[in-house]
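Enquirer: The structure is given below, and queries will be raised subsequently.
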Amino acid sequence: MSKFDLSTLNPPQRAAAEHTEGPLLVLAGAGSGKTRVITFRIGHLLLDRKVRADNILAVTFTNKAAGEMKERVRDLVGRAKCKGMVISTFHSLGVKILRRDIERLGYKKNFGIYTTSDQLGLIRQAMREVNADGKKHDAEGILWRISGWKNALIPPERALPRYEDPDELLACDVYPIYQRLLKACNAIDFDDIIMLTVGLLQGHPEVLEHWQERFRYIMVDEYQDTNASQYLFISLLAKKYRNLCVVGDDDQSIYGWRGADVGNILDFEKDYPGCRVVKLEQNYRSTGTILEAANHVIRNNVKRKEKRLWTDSGEGRPIDLVTAQDDEEEASLVVERIQMERYQHNLAFSDFAILYRTNSQSRAFEEQLRFEDIPYVLVGGMQFYERKEVKDALSYLRVIDNPLDEQALLRIVNFPRRGIGDGTVLRINQWSLEQSCHLMEAFGRVGEIEGINEPTREKVLAFHRLITGATEDFRRPGDLAGRVKRLFDRLGIEEELYRTIEEPATARKKVENVEQVINSMAGYEERIPGATLSGFLEKVSLMDEDRFSGKDKKEHGRDAVTLMSLHSSKGLEFPFVFLVGFEEEILPHKKSMEEGGTIDEERRLCYVGITRARRHLTVTRCLHRKKYGKLLERQPSRFLEEIPERLLQFHEGGAKKAATEEEQEAMAQDFFARMRAKLG
Ligand SMILES: Nc1ncnc2c1ncn2[C@@H]1O[C@H](COP(=O)(O)OP(=O)(O)OP(=O)(O)O)[C@@H](O)[C@H]1O
Ligand SMILES: [Mg+2]
């Protein structure tokens, strides 16, 4: 029996789920069931309208959101009915389309996907080619600018400096070289995924036709955060059948800083004349108190579509405002409260989330959770697959899969150390440029290169044999993890880590991380029949958006507290939410105050945070924070004043934990008086 039942939706939700032909816009506030409408709409298409599963496409922003949606749909209609349906992120969808036809753009099918550190390697190389001073210009800034052009679908030949600035001018020069270098490595970067896909669809009508025919019913969640390239991508796919349903909330547009354009959702009615518009006003997620606080905060943004949002779920508990002496106390108070609530209400750790504005805030909470032996999942931060030892190990697999991947090749040529020094690599590289051959080929032809002594040549050839042998070995299907394990053993990666890292505990951690790569490969093989090395590497590169958990994969799916940034929390919900660091310069972030004009986006971020909570919200702030060993005084966030006082309950750290009602009132009065004085 399937659980699918449209009568569990309210009337406007149901109308949206049943409107399957022609464009549809669902513009509604947080927790009103937009994502639920998408899952039911898919259910309705499959079960009632008998649409083929492979004609359905749903796009979300993160792997986590896509994963959850898949699960919900499977739960509704049963796994068997879902075969061939695509629920994915923009990036996974782009890669799927590129894998089929990228050869038309002059890349090979087995292209690699470069993430930040590889990209920076190429940017620096391109900067050297134009003789730019690596010390004067910052490669990350250049990359950021190029990324901006790509997101606006501006190719190198059309990129012009937007203002007089040395970095901007340099970025213009570097952009075409960077693209050329990427292509030479048969690699694309994250922004290319969308830009090249759009180029492919625009330039090759038969490819476009193929995907238009395939995806006759398209749904996009969180549409307010699409940028120009994603917008065009979806418009192209939907152009033929026009069965496009987009859902979103302009109040939750939080990626303006990365080129997202809230105009895409606000102009939907203009782009698709005659489209159906559905508004949802009942919130099913949060208590009345939480919702009221959220409504009061977001109301301060001037440019927005006015929305009413109500709930019949009752008032619920007041919002706790906890003031801590410093960041350490903030963390310990939060963890203490988690333990208390969990004990008192018999809850699971996974009922709790700690949300912060910047990833660096997570450290204190992680330490405290570890100290108390509480399992947690960290989303974001230093990405597992970006760690040096993991990257080095993975680079072997990347080279085996795509021998043109020079960034990966350069990482492993002398790791583990085998006596091939930088001078030799430089010489071989130079020769390969003169001969216009690939670096890998040059390694094999080292005998022809002058200025390299015989013993070194032997080492280079041994390395070349090792790689070509492994490439041959990995052609056979099956037992990937086993073969990788044997390869790593043969390379002596573990010994190398113990040899080169002084601190044994650090070395052990790194060895475990490398083992973790093999474990996750084994897991991948179990899940995916006919798993390939390329498939695994692709999955790893696309993991970027969601990042990885602190204690690695084992913690996934286990009962654990979630730690994540406000940005990654979009679309999710938790019974108990701790919104920490509610201070000026954190939320709103310092950057937004300096650059001006984005306080509204910070407020939307705050709105997103508050509306993640179902049963209870705790907001915390510090009086002081340690920075460079000094204690700095902190001011409460301006958004705090926007939450009506009557919704808050005040708590202070230190000795004064349980304040009486009068004390609380006095604290509240004092707090607001101080704040008004400060904000003038
Ligand atoms: N008609 C309904 N009956 C019962 N529960 C509902 C109904 N509609 C939505 N919900 C529940 O309300 C919660 C919020 O729904 P959902 O996540 O779809 O909202 P959303 O509008 O997508 O929120 P966000 O803006 O945060 O993405 C979910 O737990 C969902 O199951
Ligand atoms: Mg949603």
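Quick reminder: no glycine exception, Cβ is built from N, Cα and C everywhere.
The ATP binding site annotation in TrEMBL covers Ala28, Gly29, Ala30, Gly31, Ser32, Gly33, Lys34, Thr35. The domain 'UvrD-like helicase ATP-binding' feature in TrEMBL is assigned to 7-287. Per TrEMBL, domain 'UvrD-like helicase C-terminal' is recorded for 288-571.
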Enquirer: Report the mean pLDDT of the predicted model across the domain 'UvrD-like helicase C-terminal' (288-571), rounded to a whole number.
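Expert: Mean pLDDT, the domain 'UvrD-like helicase C-terminal' (288-571): 89.
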Enquirer: So if I take the binding-site residues (Gly29, Lys34, Thr35) and measure from each Cβ to the nearest atom of ligand 2, which come out below 6 Å?
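Expert: Within range of ligand 2: Lys34, Thr35.
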Enquirer: Let me know how many other Cβ atoms fall within 10 Å of the Cβ of Gly33 (ATP binding site).
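Expert: The answer is 23.
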Enquirer: Have a look around Ala28 (ATP binding site) and count the other CB atoms within 10 A of its CB, chains all included.
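Expert: Taking all protein chains shown, Ala28 (ATP binding site) has 26 Cβ neighbours within 10 Å.
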Enquirer: For Gly29 (ATP binding site), which residues of its chain lie six or more apart in sequence with Cβ-Cβ distance below 8 Å?
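Expert: Correct list: Asp249, Asp251, Leu280, Glu281, Asn283, Lys307, Leu309, Thr611.
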Enquirer: Sequence gap of 6 or more, C-beta under 8 Å: which same-chain residues meet both conditions with respect to Lys34 (ATP binding site)?
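Expert: Correct list: Val26, Ala28, Asp221, Val247, Gly248, Asp249, Leu280.
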Enquirer: Please give me the CB contact count at 10 A for Ser32 (ATP binding site), counting all chains in the structure.
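Expert: I get 28 for this one.
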Enquirer: Taking DSSP three-state, what's Lys34 (ATP binding site) in: helix, strand or coil?
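Expert: DSSP assigns Lys34 (ATP binding site) to helix.
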Enquirer: Compute the mean position of the Cβ atoms of Ala28, Gly29, Ala30, Gly31, Ser32, Gly33, Lys34, Thr35, which form the recorded ATP site, and then list in sequence order the other residues of that chain whose Cβ is within 8 Å of it.
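Expert: Apart from the listed residues, the neighbours are Asp249, Leu280, Asn283, Arg285.
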Enquirer: Within 10 angstroms of the C-beta of Gly31 (ATP binding site), what count of other C-beta atoms is obtained when all protein chains are considered?
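Expert: Around Gly31 (ATP binding site), other Cβ atoms within 10 Å: 25.
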Enquirer: At 10 angstroms around each C-beta, which of the binding-site residues Ala30, Thr35 has the fewest other C-beta atoms nearby?
Expert: Thr35
